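Before any comments, here is the structure.
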Amino acid sequence: MAGKPVLHYFNARGRMECIRWLLAAAGVEFEEKFIQSPEDLEKLKKDGNLMFDQVPMVEIDGMKLVQTRAILNYIATKYDLYGKDMKERALIDMYTEGILDLTEMIGQLVLCPPDQREAKTALAKDRTKNRYLPAFEKVLKSHGQDYLVGNRLTRVDVHLLELLLYVEELDASLLTPFPLLKAFKSRISSLPNVKKFLHPGSQRKPPLDAKQIEEARKVFKF
Amino acid sequence: MAGKPVLHHFNARGRMECIRWLLAAAGVEFEEKFIQSPEDLEKLKKDGNLMFDQVPMVEIDGMKLVQTRAILNYIATKYDLYGKDMKERALIDMYSEGILDLTEMIGQLLICPPDQKEAKTALAKDRTKNRYLPAFEKVLKGHGQDYLVGNRLTRVDVHLLELLLYVEEFDASLLTPFPLLKAFKSRISSLPNVKKFLHPGSQRKPPLDAKQIEEARKIFKF
């Protein structure tokens, strides 16, 4: 019951990666059970383990939690990464939602049909450069602290670091106009638990290439 | 500062309706400032009132909160509609996310391009009938209580009632196989604050028709 959380997902980033990041940053060891065939997924469904027939699913503290945000909220609460009061929590949620929106927008590019790829990539870059990164640069500038909320590590710092690394993968020049975000990226990357997760051999997942996506599409028919 | 929350959105359901529902169910009076022209929206942006240049935005307790989930989480916490502990909160979040997903799927049908409408409507009906409603019928059957979590009213009961009314608008026959959900709908609809919100003249918003959507599309160019 009080063992390690068990994560059920494909061996890929997808909607589980932010959960892996948060557990790692909290210093929580976790086990992964990868879905490798349609039968694996079907069994999870048939056994009643997926409330809405969808993954990610995390077994934690006797619960089988689905829905990425519900899982993140639980982990953040349990490991005291969710602010000291209602107001801090509101800021954390507001910032987190913005980050998840952009993370999703960038993450969807690898699944995007080729005829839409160019337009969607341009939109993602525009949003990154003109909407989201300016908003967070401004937060850091306004309070001059090391962390986004409450002057200590919370979940939103982890989510933002994860996002900045994806932005860098998408187009590293997007970060150039944002010195405070670049400093933030270095700072959070240096925290011991995060540093460990960034090392090769950790449970962090690499980006998939088009061939791997195509293969997965054949296996799982999505 | 401790005055009524002020809601900034279009005079439509959109992503603000679930917030209106939650405030109403909590018995909280609120004021609305409708965005009626592109200039209204532009002014909100220019004045720095929208962190990510998007509505809904709610002014509450000295904050200008954006992002629907962040706003809902804050209201639910403040008005004690978010469960008694971490585990209840996890269930509430898991159920709420499922409800928000389906609410979004149904809500998007209105603004869906005509060539996709038939397929998307069929998908929404299938998900309603075969995924989401069975899941919640099962929750109610599992514990035989009046409310989804913790045997008292929480936010998720409000969200589910809102969703069931949209399902009913969409295709009333979808509810037929789910007696416990139908009883739930009646029960929650009868709560005093909810009953008041369901009466004509409340701040609840009606569905838009195709003509109104087209008109709004011209004005706001979405």
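Just so you know, the numbers here start at 1 and follow the chain as drawn.
In case you wondered, yes, glycine gets a Cβ from its N, Cα and C as well.
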To which of A:TYR9, A:TYR95, A:TYR132 does Swiss-Prot also attribute binding of glutathione at the site defined by A:LYS45, A:GLN54, A:VAL55, A:GLN67, A:THR68?
A:TYR9
Recorded positions near chain B, Cβ-Cβ under 8 Å, from A:LYS4, A:TYR9, A:LYS45, A:VAL55, A:GLN67:
A:GLN67
For a three-state summary based on DSSP, what are the helix, strand and coil counts in the domain 'GST N-terminal' (A:3-83)?
32 helix, 16 strand, 33 coil
Could you work out which of the binding-site residues (A:GLN54, A:GLN67, A:THR68) has its C-beta surrounded by the smallest number of other C-beta atoms within 10 A?
A:GLN54
Compute the average pLDDT of the predicted model within the domain 'GST N-terminal' (A:3-83).
96
Residue pair A:GLN54 (glutathione binding site), A:LYS4 (N6-succinyllysine) - Cα distance, angstrom, rounded:
22
